[in-house]
Structure formats: C-alpha cells, structure tokens
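Below you'll find the structure, written out as structure tokens, and then a few comments.
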Amino acid sequence: MCFTNATKLLPHQNRDVLYLTDSGLETQLIFKDGFDLPEFASFTLLLDQRGWEHCKQYYRRHAALVADSTNDVGFVFESMTWRASPDWLKKLRCEDRMQEIANKSIQLLAEVREEFPTLAKNTILSGTVGPRGDAYATEHIMSSEEAKSYHLPLIQAIQKAGADMVRVATLNNINEGIGIVLAAQEVGIPCVLSYTLETDGRLVTGESMKQVIETIDAATNNGPAYYMINCAHPTHFLPALKEASVDDKKCSSHWISRIGGVRGNASKRSHAELDNATELDEGNPEEFGKDNLNVMKLLPQANVFGGCCGTDVRHVESILSSYVESSQVRVEKKTKPTQQ
C-alpha cells in the first residue's frame, strides 16, 4: 500500500490484504428486519436484549465471510455510533448516555470477534462517527474549530471504549473533516474520513475528492490515516478515478493514493431519489461486486471494502468473490509457462 500521513500506520495499512467490513446496517434494520430507528439511530437497539442479540447476528453474518474464507482476508468491525454525537443524543433524549452507548457498541463488536478465533490477527475495531447534520444537505457548515469542539466528546468516548480507530462516515464538507481530525489528534486515536459523493462524483458542496484531500492534508499535516468514499454507488465516482490515472512513481505525493477504502450504495439513484423512495433499492449484488473490483483496479492501495445504504451481506460476499476470482486469474497468468 502507498500512504503518506503523519500518524502511525494502522495494522491493516501495512498489509496487502483485503479487509472487508459490513453493509447497510440501518437500511437493513428498517426495511428488512422491521425495526423502528428514530433519527436513523441504530445504537438504540443496543439498549435492550432483543436488539443486542439481533445486532450480534448481523455482525456474525459478515464476519463469517472472512472466517470461512480460505484466502488471507481481514475484517474491520464498525460500531453503531453514527448517531451518537451530542445533537442527535439530545433529540433522542440520551444526552447522558454517550459513554454507555460507546462502551456497549465496542463491547458488542469485541464479543463477536471472540466467536471467530481465526479473525484475531486480521481485525480492527472501529468507532463510527457521523456528521452533525444531514449528510445530504448543508444547512449549517461549522468552522473547523467548532467542528472540533462538537465532535471531541464522542471521539473521546470511543477511545475510552477501546476502539482501535475512528471512522467518520457520510461527511459532506471540508471544515467538519478538518475539525474531526484535530479532535482525533488531541485524543490520540487514528482517524479515517469517509466522504459521501453525489452522482457527479463531487461533494454536495461542489468540491472534488482531490480538493477535499489536499485541503485537509495541508490543514492537519496529513492527519487522517487515510480517506474513504461511502454512500455513493461506485459508478458515480469511477469516472473521476479513471481521469486521475495514478503514476506509481509519484504515488507518495498523489492525492488518489490517500483513498484507502470504499463503502458504496447498492442503488445507482441519487440521494434525492433515495430520500423519496418508499421501498429499498437493493441494486444488483453480483454487479456490485464487479463494480467494486473496478474500483480496486484504479485504487490498488485501497484495501477496505464494504457496503452502505441498501446493501446487505450478499453485496459484501460479492465483493469478496470478485476479488478472489480476480486474484486467481492474476496468479494463473504469472505461473502459466511461456510457450517455446
């Protein structure tokens, strides 16, 4: 892998191994499992035994893909704390339960990991942080200092709960990303920034991933461990990646080398269309795996892949299958004897 950052590399950044993660947790719980998630807050299920056991089973299904694989594959466990920041907790009347929620969320992941001993060396426990506002809108863009102050408590709670890192999902503006990195640096926990893109491959605020990465890296001394793209279908940003055409010799200084993973949506619809949809668009799981493989080919340094809205364990399994098939083809080509 090829990264340049000022922080210590995470274990999975040092290895040329695919790391899977889970899929569209909230859409799975609402549309398929019949749960009511106020404010889209999955952590509410951790507060009763039925919800706790159901969520454990959700993570088991995903972790089993890796545990049962004969290939060298790892897994990043992502916590259910996307809606656990101060404003959202206030709306949910859970203002005084932030540390409890963080503890329960990381504890659940740790318990599932213990059920799969073969995963021990290839797993990461990641604490998830979400944006302060709507991920698809920009009603209020904070300054970077305001963002640091706002997100600091949850990042501290996640670090105390025992997470290996923090991943901030569905970000939609640069200032909030900068503030979160500054908060993570103060706490002393590695941080990954994951941005959601529109159908044109840009943020809702108009910036490209190139602008995002170069601006944040300059403001934080290459603070993020790496960047990710999530909550967008791979076909929405594949054109931009193709245009970037990485020069391997300059990989250490190229913005695209800082993208370490993708969690795409199942649907090719826009965010506005998905917001107005009354049924879940699951897309095509088999095609989804192939689309992610195309992303891998353009981002050879990225090794964390999973799903976002509309996806489930089938989509993640399809990513693994496409990756394994492609790896076998590469090995066969290397070992095929040259004809005399």
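Cβ coordinates are placed from backbone N, Cα and C, and glycine is handled just like the others.
Automatic, uncurated: that is what TrEMBL annotation is.
Residues or ranges marked as Zn(2+) binding site in TrEMBL: CYS231, CYS308, CYS309. Packing around CYS231 (Zn(2+) binding site) is summarised by its Cβ count: 23 other Cβ atoms lie within 10 angstroms of its Cβ, all protein chains included.
The domain 'Hcy-binding' feature in TrEMBL is assigned to 7-323.
Apart from the site residues CYS231, CYS308, CYS309, the chain places the Cβ of GLY24, THR27, THR170, THR196, ASN230, ALA232, ARG263, GLY264, ASN265, GLY307, GLY310, THR311 no farther than 8 Å from the centroid of the site's Cβ atoms, the recorded Zn(2+) location. Listed in sequence order, the residues of the same chain lying 6 or more apart from CYS309 (Zn(2+) binding site) and placing their CB within less than 8 Å of its CB are GLY24, GLU26, THR27, CYS231, ASN265, ALA266, SER267, LEU274.
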